[in-house]
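What TrEMBL records for 1-13 is compositional bias 'Basic residues'. Taken from TrEMBL, the feature region 'Disordered' applies to 1-176, 192-213. Per TrEMBL, the feature compositional bias 'Basic and acidic residues' maps to 83-93, 147-176. Taken from TrEMBL, the feature domain 'U1-type' covers 173-210, 249-282.
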Amino acid sequence: MKKPTSWQRRKAAKLGLAPAEVQKRCKKKKSLAGPAQALRDACKRAKDASAASRERHRLGQPPQPEDAALAEEYSQAKAALRRALEAEAREKAAAAQKTAAGTIPAEPASTAKGAAAEPASVTPASTAKGVPSGGTEAAAEAPPPPSKKELRRREAAERAVAERAGEGGGDEREPWTCETCGVTILVRPDGRARQQHLQGKAHAKRLRAAPATAASAGAPSAASAPATAAAPAAAPAAVPAAVPAGGGTGYYECKLCSCTLASSAGALHEKGARHRERVQRLAAFLRERSAADAERPLKPGDWICTAASHAPQLVYANRDSCCRAGCGRARAQGLSQSEAATMVARGREGGA
């Protein structure tokens, strides 16, 4: 056994115990941590595994394919730990309430011993003072009012349970990459996490610096501006949002690559190798669909899922999410038939 620490020796001197006894109590307390400690260890391991991803984000390096899986594992570990701590807190609160409600002050030992000798002469103190005997039991049975901290904890637990119940149990989040910041996050179908990132200070700062970077790398010439303005059909593939208050030029969203960046860098993105490769895959898919139109012609409302995890997938108009197993991509994140045709046409013009 290890020697007692200085803290354990001070604690032993304060309690009047041997240092070895205090050390044994501390060891027993640590062993009773239960599943919560195991979940803490799992959460720490997941956090250490994703350290390289956070370091790449800090240095501004592009994300790696495994970053999304590590982030998902860390998120699940934190959620499991939070649920375990909430359950443990609820059990402790229930045990405390049960103890407070069911405990009646025990009769002193001296009175219990003397009750056999003098059964008729013993009078309760409350009766001697004029207080009914039932009043003491009622006061003992009434639980103490919960503190403000306990009320806040209960409200937080109820909100967490309601959120988990509203989610329907399944995790519909999918990775989304912001190429302006070089960060990958998990986004639910409502897109709230994406909006929070786009409205953040760090993203706005990088967005203001993006026009200068794009200009130094070679911005598109002014002669190409009328051609872009004359082709409004390309707008669904790259929808700019409102101009931010910091003086930026807006956002550019590429549904094919699932990324959002400064609108001034949209032309550079469309010339990238990864974007051109995905445009070629989309063009091949459209050619195959045109050859198979005799079997099942395309109908209005049919859309195309362009998730990076699988090849382009045709989804019928009566479905609002991708039918591929494990995908679940929403209709708003896919491409309509006209958007896909416009994107392929723009890719051919850029290649020419």
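Note that Cβ sites are derived from N, Cα and C of the backbone, with glycine treated the same way.
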Residue counts (helix, strand, coil, in that order) that DSSP gives for the domain 'U1-type' (173-210):
17 helix, 10 strand, 11 coil
Could you give the number of helix, strand and coil residues in the compositional bias 'Basic and acidic residues' (83-93) as assigned by DSSP?
11 helix, 0 strand, 0 coil
Taking all residues of the domain 'U1-type' (249-282) together, what is their mean pLDDT?
81
